[in-house]
């Protein structure tokens, strides 16, 4: 399978390139970056001291030439541009970008009628196992427990709460028969009054180089249960993304998530 990487000079882009180069059965066929990037024209493996023969380019058609799948962990506005090109060229996509609005999510769903897409809030196997644990816990602790989602990320992250935190909230809300759009509480300040027992609260921390910490607290009277996942490296995300690309090999169309890739549905 031939794989192209978007955001090739970024932290996640470099991790993805390294993962592709170190995975049997896949080949790096293209590397994309934004116009004006100082990395344009460089070999995609330069940061590793390896010559891949793939030059980083801002030309979407050139970067996607020969690709079976594009892996994109960039920003919503960039991903949507890449999505349009991939759809036109028949290139499948693995999308790890977070922060999409409803229109962006609808565009992904529409494109999935033409190409195979894996779109997930988090590509870590551990995080996706945590989603299943939260589903079970929410059903067991459906009454008498207040639910709070606390997440922490590095200072450079531009969206909040994280896509993973929101997915955790959605999993819990679905398990309880609630709608996160109406029960989610994303800010508290001043005299807020007593806590709504049906609400799901979110707290966001940004600082330093934290890769990603997520804790869901089920707080009852006299006891508290916490389910946590802490990432020490982006390696698990890169591994899951390449695994997702391979999953799409026999999927000409359709919108999938990491639960599909792992067979957890």
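For all residues, glycine too, the Cβ spot is worked out from N, Cα and C.
Straight from Swiss-Prot, the features:
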BINDING   7, 8, 9, 10, 11, 12, 33, 96, 97, 98, 120, 121, 122, 123  NAD(+) binding site
ACT_SITE  153  active site, proton donor/acceptor
BINDING   154, 163, 164  (S)-2,3,4,5-tetrahydrodipicolinate binding site
ACT_SITE  157  active site, proton donor
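Looking at the residue listed as 'active site, proton donor/acceptor' and residue 164 ((S)-2,3,4,5-tetrahydrodipicolinate binding site), their Cα atoms lie 11 Å from each other. Its Cβ taken as reference, residue 154 ((S)-2,3,4,5-tetrahydrodipicolinate binding site) is surrounded by 13 other Cβ atoms within 10 Å in the chains shown. One way to see the shell of the (S)-2,3,4,5-tetrahydrodipicolinate site is to take the Cβ centroid of 154, 163, 164; the remaining same-chain residues with a Cβ within 8 Å of it are 98, 121, 122, 151, 153, 157, 159, 162, 165, 212. Here the candidates are the recorded positions 154, 157, 163, 164, and by Cα distance the one nearest residue 33 (NAD(+) binding site) turns out to be 157. Here the Cα atom of residue 122 (NAD(+) binding site) is found 6 Å from that of residue 164 ((S)-2,3,4,5-tetrahydrodipicolinate binding site). If you count neighbouring Cβ atoms within 10 Å for each of the recorded positions 11, 153, 157, the highest count belongs to 153. A helical conformation is recorded for residue 163 ((S)-2,3,4,5-tetrahydrodipicolinate binding site) in the three-state DSSP classification. Annotation note: residue 9 (NAD(+) binding site) sits in a coil segment as assigned by DSSP.
Put simply, of the recorded positions 7, 9, 11, 97, 157, the one whose Cα is nearest the Cα of residue 163 ((S)-2,3,4,5-tetrahydrodipicolinate binding site) is 97.
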